[in-house]
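Structure first, commentary second.
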């Protein structure tokens, strides 16, 4: 069975096993008449781990409606694993049978407003975190224009449902199924004593809601967006909302369901 002209981009990390898989898969795709295209692909195959999938997402974050993703892992199982490195024949066969079906997950939109009028816009697949560079961060949390609390602590992170299994989970946040289009705000080492209090638990807000963080001091803050880190001074406010666009994965018989991904990543085999 031959392909009908699908354009595919392969993105791999520099590890020897990933590079070996990259060359082998590239050869198989060419032999089956797929088109390799690294600017306007139909499908992007990430080879490596979850970090590589995040890099692939950010490379094509402005083409999300036109691109579908596949995660091919060359190491231990990751959350975004669709195929393992020994399943290349299976992957190529499923690509030949592909009908365009997709599985979609929400994406986080982040707007950083600076006091000089600049606005920096980011998208995150997993989460966006903010910390103060050298001391306790103090920031007002506003939900839909209504002041909620004044936070004091190391920082805050806002995660998507798929990102709820990443940094958010290590902070004690809840795991959300991606069909629940919501954001989760989780504290990083909040300061709670007789003088200062915060809610002390994660906040889950629905798709239509907007979370604003307003730092009370104008010094440097570090903002992490997935696997990228930025430093800003004189932040006026930061807005977080579910983005209009979603990330789409190729829906094949091998696409692992969300709860199976959670089980494989964190629990493993369950004894009967």
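Indices start at 1 and increase along the chain as displayed.
Backbone N, Cα and C atoms are what each Cβ position is placed from, and that goes for glycine too.
The NAD(+) binding site annotation in Swiss-Prot covers 50, 51, 126, 127, 152, 154, 165, 166, 167, 168, 169, 170, 189. For residue 169 (NAD(+) binding site), the Cβ neighbour count at a 10 Å cut-off comes to 17, with all displayed protein chains included.
Annotated active site, proton acceptor per Swiss-Prot: 50, in sequence order. If you draw a 10 Å sphere around the CB of residue 50 (NAD(+) binding site), it holds 23 other CB atoms from the protein chains shown.
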Looking at Cβ-Cβ distances, which residues of the chain lie under 8 angstroms from residue 126 (NAD(+) binding site) while being 6 or more apart from it? 54, 159, 160, 162, 163, 166, 167, 226
State the count of C-beta atoms found within 10 angstroms of the C-beta of residue 152 (NAD(+) binding site), not counting that atom itself. 20
Within 10 angstroms of the C-beta of residue 167 (NAD(+) binding site), the count of other C-beta atoms across all shown chains comes to 19
